[in-house]
Amino acid sequence: MPLHIALVLSFFLHLAAYALADWAGLLAPQPSVQRMSLEATLILPDIPSEPPAEPPADPMPPEPPLATPTPERPPPAPAPVAALSQPQAELKPANKSAPPEFYPYEAVRRGLEGEALVAVTLDGRGRVVGAQLERGSGHAILDQAAVRAALSLKSVPGGSGETMLPVSFRLK
């Protein structure tokens, strides 16, 4: 059988098989696709089109001032220095070997700042025995760090009972 007859016969057989499959419903129906359009418009702010003001041209440069000797003043007498008062109480971390840094690395990396208010429970000697978050900073990671910082304190001025401790997280 010559090649061109075999090709024509193959074409018609494939066409018949496709038509039969379509007629019998074997081919999956094509889903209808709804085309949606999206239009984005860039609105630029109005910028005044005023040319920059040019400084007036000086026809003559200013003359340098004449040097006049200035009388020397004696240095002012030192003011009396008041004695420095000792702080009434100092907040120290319980673990002296660890630095008192409680700003979480992840919060620093993300640039988080805030202030939390922690209720600190004290025993009869003013030692910290418990801490609970009263007002959050808006970031859970900073709130947890504030409670950890409060619990790490040895003591807090204020006697026994409960006292409020504000904990600020600020990046400098």
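Counting starts with 1 at the first residue shown.
Here the Cβ of each residue, glycine as well, is placed from N, Cα and C on the backbone.
Straight from TrEMBL, the features:
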REGION    46-100  region 'Disordered'
COMPBIAS  48-79  compositional bias 'Pro residues'
COMPBIAS  80-89  compositional bias 'Low complexity'
DOMAIN    88-172  domain 'TonB C-terminal'
Exercise. For the domain 'TonB C-terminal' (88-172), what's the model's average pLDDT?
Worked result: 79
Seminar exercise, completed: Reduced to three DSSP states, the domain 'TonB C-terminal' (88-172) has 18 helix, 30 strand, 37 coil
